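Heads up, the thing below is written out as structure tokens.
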């Protein structure tokens, strides 16, 4: 059941999603989701994306075909207004589309913005992400670990830290258990953020993954890098290759 919502103006603040700038959040979210659809990340209306611009948060709605989404389908809310609300499930939207419902991903996106000061959060139903959680389930593990793979360089060192991880570093992604209603994942995602302060992603068992970054470019880069690593990990498992190896850094010598 979606939380109750209200709009704060009679004209619905449609100007918030009207812009000729392709980099405006209301234009970027449909464009990104259309690309994600081609990758199989948001099929069957699943998954989504949200972008924060200062205090304004732009969100894809629930139940929309992501490859057909338009700017007028986007929800907009004030981040500060949510922080001040006593009832976290009673969200006030500055702008609401006429024919859709708010996404149950909304409180999880908000967690990335409030706890990590993220500028963008992406949620995919990538089958590689799901397969990795199933492999980890057979091992009784609640974290994905991989190292000594070049693509790890696509990830930042952690919130508030400068620079990216190196080739020899170990990438750690926590796994939380799925729930019947997506918004009920929020407290578990926030707990995972606290336990893994340097992570930019959280896997959801048998469901998918949430990935965030300080801006759209970094969130997209890490989401793509992570999906590459998930696919690689599944194929490595099929070949009997370990995800974590003891490869010592080598220092090249000049002749």
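Along the chain as shown, residues are numbered 1 onward.
Each Cβ is built from the backbone N, Cα and C atoms, and glycine gets one as well.
Automatic prediction, not curation, is the source of TrEMBL annotations.
As recorded in TrEMBL:
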BINDING   105  substrate binding site
BINDING   123, 125, 207  Zn(2+) binding site
DOMAIN    27-234  domain 'Class II aldolase/adducin N-terminal'
REGION    1-22  region 'Disordered'
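Taking the binding-site residues 123, 207 in turn, the residue surrounded by the fewest other Cβ atoms inside 10 Å of its Cβ turns out to be 207. Other than 123, 125, 207, the residues of this chain whose Cβ falls within 8 Å of the Cβ centroid of the Zn(2+) site are, in sequence order, 46, 47, 124, 126, 129, 204, 208, 209, 210.
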